[in-house]
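**Student:** Once you've had a glance at the structure underneath, I'll fire off some questions.
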Amino acid sequence: MVVMKLITMKIFSVLLLLCFFVTCSLSSEPRNPEVEALINIKNELHDPHGVFKNWDEFSVDPCSWTMISCSSDNLVIGLGAPSQSLSGTLSGSIGNLTNLRQVSLQNNNISGKIPPEICSLPKLQTLDLSNNRFSGEIPGSVNQLSNLQYLRLNNNSLSGPFPASLSQIPHLSFLDLSYNNLRGPVPKFPARTFNVAGNPLICKNSLPEICSGSISASPLSVSLRSSSGRRTNILAVALGVSLGFAVSVILSLGFIWYRKKQRRLTMLRISDKQEEGLLGLGNLRSFTFRELHVATDGFSSKSILGAGGFGNVYRGKFGDGTVVAVKRLKDVNGTSGNSQFRTELEMISLAVHRNLLRLIGYCASSSERLLVYPYMSNGSVASRLKAKPALDWNTRKKIAIGAARGLFYLHEQCDPKIIHRDVKAANILLDEYFEAVVGDFGLAKLLNHEDSHVTTAVRGTVGHIAPEYLSTGQSSEKTDVFGFGILLLELITGMRALEFGKSVSQKGAMLEWVRKLHKEMKVEELVDRELGTTYDRIEVGEMLQVALLCTQFLPAHRPKMSEVVQMLEGDGLAERWAASHDHSHFYHANMSYRTITSTDGNNQTKHLFGSSGFEDEDDNQALDSFAMELSGPR
């Protein structure tokens, strides 16, 4: 009897062990190699803000982790942790994330060499390691990144020869290697935009246009949404002894089937969201109207940041905390279809410069056109000139130079060139460092793809419109130069263009008033009273001279924006001023400067720049005085 009990207990023990073995083997999964690679990356980085806090090495699913983006097939396609104060080194294990399309680790303190393993990522399209402390050479095998489109390694300490293999990447459209210690020569690139400024060993023997630094870009903003996680805790099934081996196996199989079914349903929901919101055009993201409607609280009036001739701008906030500015374009019924709209957007997106507002994405439908931009925390120059505390003189000078560089890029370095058509303080935005960022460029064409026989109104802002544009409808780079001159006067005086002269009960044209004070050497009467005595009188006088040069009556007499940049930086102003001062036209503008004739044949005299006639006009109101065809470059 005792022997039988012992035999029974041994058999039962064996069955119990088999039960747990089968249960564990069926319900467990092999370690995900992507998890292993990501944990290695985490372990080599110092994370002061805890952004990798939920990266669990025992997890089987990294798609629930922050800073990770996954495809509908549950594969890691994006790694992005910009501006998180990360330090340490970048692990070579990143090369095991073979499905990566985007790596965005800019604005950190990561040091060491760029791991050569990163060049083994066959699907990588975007690599941004800018503004870190990487050193050593750029891996020579970088040409293996055959799908790479966007590469930023600027502002590091990289050295060694300029990697000629970069020219072998067929789809590369943007390259920024500025401010490193690379040495030449520089080969020809398929990239439409590239920058090598700030590399002394290259630039001292290179052409000026290669090292002008005019193509430095705003950081690419990559949206990496965290996917919903799958259930990672497997219920430890402790089966009662009395149920036996067969019941244990059945329960285990049932549990695994249910878990996999739930995972598939979750992945379907994630896939639906990605296909709605991530249909991008190059580096642009295509948003759904529903996403932007939710982000802006239904485009509520409380979310409005500003209003202009092209439409309202709303503050938007996505679920991941990203804050953006959403411009809802008006008058879209007459615009062209999505194809032409997206083509124009692609051209705007190629205009990449630190002093140009970067386009993040768009929404295009039969009834809506929306553009999504980064949110500028310091607002516009127009709003800051009225805010407290007042902008100091050095900041105003910095704004003037930054805005000039942005327009210089649009006019002379962008291909095709872009004419802004509405240069004013409200369209010059300020980032967190009070760097000037030119906004609203290229929008005139987005809203004017009508048939050739259809006319459109002159677009601009009262007080900023050049006389030739108002009278003929023909715009050029010199139209923008005129508007920039008015902007300089606003920076000096702290007033809007229509307020010039009102402060001293001046009833004449405002430019004549400014010229009169300058000629009488009464510059201090022009300076914003909020500055007190904390400004450099010589610098104010020089900026005033540049403003007067920019606002000359004849477009041919105005300088190009490249010349404006040089003069603001202290080069060539005296010579240009002396030459212009000799022309009789400078102080005696033609009366047609202030008189225009309407298209119906009736003479209507309007003091374009005086205090009378526009006292009740709003500075943001677009002027639609005449219907006439616009032509010329973009």
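Any Cβ shown, glycine's included, is placed from N, Cα and C.
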**Student:** Write down the residue from Asn155, Asn333, Asn590 that Swiss-Prot flags as N-linked glycosylation site.
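**Tutor:** Record says Asn155.
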**Student:** Do you know which of Asn109, Asn603 is annotated N-linked glycosylation site by Swiss-Prot?
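**Tutor:** Asn109, according to Swiss-Prot.
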**Student:** Can you check which of Asn96, Asn378 Swiss-Prot annotates as N-linked glycosylation site?
**Tutor:** Asn96
**Student:** For Ser380 (phosphoserine) and Ser476 (phosphoserine), determine the Cα separation and express it in whole Å.
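**Tutor:** Computed Cα spacing between Ser380 (phosphoserine) and Ser476 (phosphoserine) is 24 Å.
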**Student:** With DSSP, how much of the repeat 'LRR 2' (123-145) is helix, how much strand and how much coil, in residues?
**Tutor:** 5 helix, 7 strand, 11 coil
**Student:** In angstrom units, rounded to an integer, how far apart are the Cα atoms of Tyr469 (phosphotyrosine) and Ser476 (phosphoserine)?
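**Tutor:** Between the Cα atoms of Tyr469 (phosphotyrosine) and Ser476 (phosphoserine), the distance comes to 8 Å.
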**Student:** Which residues, given as numbers and ranges, are at least 6 beyond the ends of the repeat 'LRR 2' (123-145) yet have a Cβ under 8 Å from it?
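**Tutor:** Non-local partners: 77, 82, 90, 98-116, 151-161, 163, 165-166, 168-169, 176-177, 182, 219-220, 222, 283.
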**Student:** Which whole number is the mean pLDDT over the repeat 'LRR 2' (123-145)?
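**Tutor:** Taking every residue of the repeat 'LRR 2' (123-145) together, the mean pLDDT is 92.
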**Student:** Near Ser383 (phosphoserine), how many other Cβ atoms are within 10 Å of its Cβ?
**Tutor:** 15
**Student:** Where DSSP helix means H, G or I and strand means E or B, what are the helix, strand and coil counts for the repeat 'LRR 4' (171-193)?
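**Tutor:** Here the numbers are 0 helix, 7 strand, 16 coil.
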**Student:** Run through the Cβ atoms and count how many others sit within 10 Å of the one on Ser471 (phosphoserine).
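**Tutor:** The Cβ of Ser471 (phosphoserine) has 18 Cβ neighbours within 10 Å.
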**Student:** DSSP on Ser380 (phosphoserine), three-state: which is it?
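**Tutor:** Its secondary structure by DSSP: strand.
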